[in-house]
There are 2 protein chains.
Amino acid sequence: MAGPARASEEGLIARYFAPLAGPGADGLRDDAAALTPAPGHDLVLTVDAVVAGIHYFAEDPPASIARKALGVNLSDIAAKGAVPRGFLLTLALPDDWTEAWLDGFAQGLGAAAAAAGCPLLGGDTVRSGGPALISVSAFGEVPTGTIVRRTTARAGDRICVTGTIGDAALGLRMRLEPDAPWASGLDPAQRSELADRYLHPRPRLAAAPAVRRHATAAMDVSDGLAGDLAKMLGAGRTARVAVADVPLSGAARSACAAEPALIEAVLTGGDDYEILCTVAPERLEDLRTEAAAAGIAVAAIGTVTSGDGPPRFEMRDGAERVFAAGAFSHF
Amino acid sequence: MAGPARASEEGLIARYFAPLAGPGADGLRDDAAALTPAPGHDLVLTVDAVVAGIHYFAEDPPASIARKALGVNLSDIAAKGAVPRGFLLTLALPDDWTEAWLDGFAQGLGAAAAAAGCPLLGGDTVRSGGPALISVSAFGEVPTGTIVRRTTARAGDRICVTGTIGDAALGLRMRLEPDAPWASGLDPAQRSELADRYLHPRPRLAAAPAVRRHATAAMDVSDGLAGDLAKMLGAGRTARVAVADVPLSGAARSACAAEPALIEAVLTGGDDYEILCTVAPERLEDLRTEAAAAGIAVAAIGTVTSGDGPPRFEMRDGAERVFAAGAFSHF
């Protein structure tokens, strides 16, 4: 570390991160934590990293960055039908980090972890030699054998999504082009909503039990609905999606009304962090009812079919479109 | 990614990492893996990252970098008395990465994972925007409640280390100053041994069962024996260490004979990846015997005492020395 006034790694951990430590983490005084799933349960493991300047803006509030870093992982946990149990953190700091930034980061992380019931179990803090990078390994649990897999959809299943699609992509675009006519035409509450959806993933943990009980396959939408649906289906299955059925927020509807071409950003943009899942037609209403009881809307947007090729989107004007795979990727 | 010839993240995963996937990882086709400890066991979780130019040389062979990234984590698993079960990988690549590098990295990772019985369970690949960074979250298991903690040593316990101390620190110094007289005086096999100890951690997994059965506290030596011992003891306990009892390789003995001041590098340098543990005096022989039966030498080097302050090292000339905390830190 540059500067003799900088605290040691142990000092930073004790001050900022030990208060976030959960059971089994031994107050972060150890190099390892113990974690045991409840009897009759499997652990579900996932890892995702975010990098300054790639997955978020370096100037974003550190509490928001922390919330995103944890949230993108909790979104994966939720999409597998799992309940969070804890996480490990790798925090790679740029040379110009400050204690104020770290303080804000730890506060945001603690709040997000507490809200999800997902305590910190351990971590490593290093210099990145470049931009900040935050990698989170998150752990959840499901009753034994009930993890909801990604590639197990069946022809005839209905395709569903939670919440609304495209808000984060529009929030990002609004941030890059704040004076675009469509953005200027939104009211302040709509602008604020879109900006927040980009900044703060809302992992759909409350929908996880319904997904686990009813879905035949699931994943979270992080790289855009069209591309993620193609990934979920893989070879031998494809889909028809009715764009009119894709749930849009009021803000997204206003934006698309002002600038119809934005529907492509809605369908292919990333950072939705909604759950995309498939369900047998006879289970659709149970899925929707149980998720709604947990406060989360589920919309049926299409159907899995046999065949190859990317999913076909029936646009509002009746035209059929496909979107190239990998239209959006952080990599 | 720059360059249209670059494969997609999914393509890279399928080509290089899917062959490394273990049970529960669903061939890395999913965003999450399932992992369940054996009945009557706890999972042990740890995370450590290595960064190019900080924890290793960017020009090191990619297979060696992979082996180090996994090895430093397996070393933590071993020091907790645990048996490896699997790991998650975050691979942050610099802009100038090549498929040849990735191929070598994946091969080294696969070999190290197979040798340890620790398969890949999932991962995330991102651009780093700076140097390469590799973060590994590793998972092991222990019989319920038997994780060996770091801060539980008792006054009167003997202090032990596995293997030999200081080789990696001398290997690093030799690499930085290859023409130093002490280095030039080593024979080729000794030079090669020191270089290898720096490049390739040798996690002491075979000693883990003996440590679990007998040690009162344990950690791995990653930041130097003196500093790590101080961390292990914490407040209210200190230690006396006889430097003559610290196990040195033939190469380290030759180096210290040529240049006696190198003993400080031996005692405070990092990257040993040996197990440092404490044991009740009446269990010392059982620990040594069982570890020896597993092929790993354990040396008793000192005794835990009540009191504060850093551990005191009795040097070969009878002088007593202490080493400032944090004499070595990657952070």
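Using N, Cα and C of the backbone, Cβ positions are placed for all residues, glycine too.
Per TrEMBL, domain 'PurM-like N-terminal' is recorded for B:30-142.
Under the three-state DSSP scheme, B:D220 (Mg(2+) 3 binding site) falls in the strand class. Marked as Mg(2+) 3 binding site by TrEMBL: B:D31, B:D76, B:D220.
In sequence order, B:T46, B:D48, B:A138, B:D220 are the residues of the chain that are 6 or more apart from B:D76 (Mg(2+) 3 binding site) and have a CB within less than 8 Å of its CB. As annotated by TrEMBL, Mg(2+) 4 binding site applies to B:D31, B:T46, B:D76.
Residues or ranges marked as Mg(2+) 1 binding site by TrEMBL: B:D48, B:D124. A simple way to gauge crowding: the CB of B:D124 (Mg(2+) 1 binding site) has 25 other CB atoms within 10 angstroms, across all the protein chains here. In the three-state DSSP scheme, B:D124 (Mg(2+) 1 binding site) is classed as strand.
The Mg(2+) 2 binding site feature in TrEMBL is assigned to B:D48, B:D76.
Annotated substrate binding site per TrEMBL: B:H55, B:D271, B:F328, in sequence order. For B:H55 (substrate binding site), the count of additional Cβ atoms within 10 Å of its Cβ stands at 20 [all protein chains shown].
Residues annotated as ATP binding site in TrEMBL: B:G123, B:D124, B:R150, B:S222.
Per-residue confidence over the domain 'PurM-like C-terminal' (B:154-308) averages 97 (mean pLDDT, predicted model). Positions annotated as domain 'PurM-like C-terminal' by TrEMBL: B:154-308.
Sequence annotations record features per position, and here TrEMBL assigns Mg(2+) 5 binding site to B:D223. The Cβ of B:D223 (Mg(2+) 5 binding site) has 23 other Cβ atoms within 10 Å, all protein chains considered.
A distance below 8 A between C-beta atoms marks B:D48, B:D220 as the binding-site residues from B:D48, B:D220, B:D223, B:D271 lying next to chain A. Within the same chain, residues at least six positions away from B:G123 (ATP binding site) with a Cβ under 8 Å of its Cβ are B:I13, B:F17, B:L28, B:L88, B:L89, B:T90, B:L91. Mapped onto DSSP helix, strand and coil, the domain 'PurM-like N-terminal' (B:30-142) counts 36 helix, 45 strand, 32 coil. Taking all protein chains in view, 26 other C-beta atoms sit within 10 angstroms of the C-beta of B:D31 (Mg(2+) 3 binding site).
In this structure the alpha carbons, written CA, of B:D31 (Mg(2+) 3 binding site) and B:D223 (Mg(2+) 5 binding site) are 34 Å apart. The number of other CB atoms found within 10 A of the CB of B:D220 (Mg(2+) 3 binding site), across every protein chain shown, is 30. The Cβ of B:R150 (ATP binding site) has B:A217, B:A218, B:M219, B:K231, B:M232 as same-chain neighbours under 8 Å, each 6 or more residues away in sequence. On a Cα basis, B:D223 (Mg(2+) 5 binding site) lies 27 Å away from B:D124 (Mg(2+) 1 binding site).
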